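As recorded in TrEMBL:
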- 503-626: domain 'STAS' (DOMAIN)
- 123-140: transmembrane segment (TRANSMEM)
- 152-174: transmembrane segment (TRANSMEM)
- 186-204: transmembrane segment (TRANSMEM)
- 232-249: transmembrane segment (TRANSMEM)
- 261-283: transmembrane segment (TRANSMEM)
- 323-343: transmembrane segment (TRANSMEM)
- 355-377: transmembrane segment (TRANSMEM)
- 389-407: transmembrane segment (TRANSMEM)
- 412-431: transmembrane segment (TRANSMEM)
- 451-479: transmembrane segment (TRANSMEM)
């Protein structure tokens, strides 16, 4: 092999590290990318370390030190405002889950108190959500009827909440939050829109005053159930429901147009409950087709730890329900918390949030609560009301406790049709058609993911929609890994810069060599594809040179600047490519390999095989070295050895 005539700095191989140290660094990078314990590690005093640990576990100790009267005023206003929304929404969502309405109030008392101590978001307002409520009803209702066996159904809901909290806590403690992010943004948009559509259709039962309804969630079954009972529709209920729905949507429109009037839409559900109850009370509408809530038990949350079900066959059902609803609740809560943290320019720790969500659901399952998270609508009201800290959740919890102790008899005459109107008004905000259209403009595949999730929920079941969402998201991830981009590079005129010739059509290719950029790590999943794709580029380039009767191809430069890692299959692929190129009188040249690549290529003896002189720091240096060899050697165009296999036939 000819030594390079031009002298360039060589690509260094990083010094070897002991295996245990390397493993430790890798695990730290995976699990502790944000290095959450650096303050604790750098502190020398034991007492100070203990204080920092407590502040890390309980964020309330961090922000409580600077708490003042102005913060309290803002948090009290925010807390009372979100309580006015939480009370009617809590009752509505509990009915959606086929649970006693009082559980919606219980779930707005204990979990917010726990989150205020352990949560890291200043703006998140804790409570129940419609999608998780519907999913709980759909999954538990398949095996246990809430009508025929309400006690067992209730206990399974508590158990599912316990398992959800346990799973969330474990994910946070083990720093495995990235597993939740397997649901892509596009999948969440489609899933939420589909779930909101199903929820709205199911509320037609309340709007039309129907007593019997299908347990299925797909749109076909729901519509069949509605129209097969057209003779049982109650016009009184329909008119009252439409009036309240119009009122709620109007207040939402006003608040959207004038953000300072956010309190109008926040107070609208409670106002609807009050006026609806007065309407029923004075006109005795319960005797004219208007269904009412009935009696709500007074008193704060009774303990439910003894009601958890850990016996076969129901424990499996509770576990499955808890894991699925818990993942959804976690994804929604963290996404909402990060959104508002971005607006106020502070950070939240995703793993600490998981622990906070998990602990509030575990304690909630012990105190007659079902699954809670951070709903967007309630958090948006909390943010717009000017909350400063998580004390707003405490104020809301206190307001709910006062309601539980003294005001529950006032909800006796609350019409169910009002609760249906509240749910529909809240759900329409989850159908984000603008986001879907934006996906269509930006990325057609993401739009397909969104549409698949939506159709899976609407025409199948919530579970099918969730499976499609996760499945297609994973498929796309595999496509990114299994089919990395590889493109031809050319030189931008009057520079030493080389770029993709598709992005820069004015970039010129050089005679006698081609430069290929691999845009991703090289693994077992993509090594065969990359080998075939490199071979295709070479075959196409040689054919083009033969037709134009230009100089034959001599050098293949691989730009590995974007290859962050490589496994043994990838190394074998490079060795195979090098052998095939050698048989075809072509020389493989490597440009800009990273530290991890150099370490593995050195250990595998690939560097010795190819020669250090053919590994360069930059593409420009590799091109210059190859051009120098072409100019000095001036070899005759060698005829390729007959019978040498093409890449695609290897």
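Cβ from N, Cα, C; glycine included.
In TrEMBL, annotation is done automatically, which means it is predicted and not curated.
Using the rule of three or more Cβ pairs under 8 Å, pairs at least 6 apart in sequence, the transmembrane segment (412-431) is not in contact with the transmembrane segment (323-343). By number of Cβ pairs under 8 Å, the transmembrane segment (152-174) is matched best by 355-377 from the list 323-343, 355-377, 389-407. In the predicted model, the domain 'STAS' (503-626) has a mean pLDDT of 90. Here the transmembrane segment (186-204) has long-range neighbours at 96, 130-131, 134-135, 210, 213, 217-219, 222-223, 226, 331-332, 335, 420-421, 423-424, 427-433, 435-436, 439, 443, 446-447, 449-458, 462, 465-466, 469-470, 472-473, meaning same-chain residues at least 6 beyond its ends whose C-beta is under 8 angstroms from one of its own. The transmembrane segment (451-479) is not in contact with the transmembrane segment (355-377), judged by fewer than 3 CB-CB distances under 8 Å for residue pairs 6 or more apart in sequence. Break the domain 'STAS' (503-626) down by DSSP state and the numbers are 63 helix, 22 strand, 39 coil. Tallying C-beta pairs under 8 angstroms between the transmembrane segment (355-377) and each of 123-140, 261-283, 323-343 places 123-140 first. Long-range Cβ contacts of the transmembrane segment (323-343) within its own chain (Cβ-Cβ under 8 Å, at least 6 residues beyond either end) map to 120-124, 129, 131-132, 135-136, 139, 160, 163-165, 167-168, 171, 177, 180-181, 183, 188, 350, 353-354, 357, 361, 371-376, 379, 383, 463, 466.
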